Amino acid sequence: MAITKKILLPFVLTILFVISSVHCSDDTQGFGIKQEYKQCYTPDPCRKGGNDECERFCVAKSGLLYGKCINDGSKDVCCCLTK
């Protein structure tokens with residue numbers, strides 16, 4: 001059975017697509033951003049508007065974060081956490 005150009009080209013393109021898909025996947029165990037992020041900042045947003053202002057402050061830093069006022073013992077500080 002002869003392999004014609006009509007069959008060979010789609011076959012090669014399919015193989016290249018499959019190989020590139022495998023290399024681009026990030027399902028490898030132990031890699032990626034799976035941990036929780038928590039970064040606390042000044043208490044200013046919490047003083048200005050509580051959790052709502054802290055939320056706006058964190059979303060402005062990154063759309064992947066949410067804000068929460070957390071008491072650190074003496075005052076509320078604005079902490080940005082992962083969603």
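Glycine too: its Cβ is placed from the backbone N, Cα and C atoms.
Features reported for this protein in Swiss-Prot:
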- 1-24: signal peptide (SIGNAL)
- Cys40-Cys80: disulfide bond (DISULFID)
- Cys46-Cys69: disulfide bond (DISULFID)
- Cys54-Cys78: disulfide bond (DISULFID)
- Cys58-Cys79: disulfide bond (DISULFID)
Rounded inter-Cα distance in Å - Cys40 (disulfide bond), Cys78 (disulfide bond): 6
Shortest C-alpha distance to Cys58 (disulfide bond) - which of the disulfide-bonded residues Cys46, Cys69, Cys78, Cys80: Cys80
Whole-number Å value for how far Cys46 (disulfide bond) lies from Cys54 (disulfide bond) (Cα to Cα): 6
Neighbouring C-beta atoms (10 Å sphere around the C-beta of Cys80 (disulfide bond)): 23
Rounded inter-Cα distance in Å - Cys69 (disulfide bond), Cys80 (disulfide bond): 9
Protein Cβ atoms within 10 Å of Cys54 (disulfide bond), excluding its own: 27
Winner by Cβ contact number (other Cβ atoms within 10 Å) across the disulfide-bonded residues Cys40, Cys69, Cys78: Cys78
Cβ-Cβ distance under 8 Å to Cys79 (disulfide bond), same chain, at least six residues away: Lys38, Gln39, Cys40, Tyr41, Cys54, Gly67, Lys68, Cys69, Ile70
Cα separation, Cys46 (disulfide bond) to Cys80 (disulfide bond) (Å, whole number): 12
Cα-to-Cα gap, Cys78 (disulfide bond) vs Cys46 (disulfide bond), nearest whole Å: 6
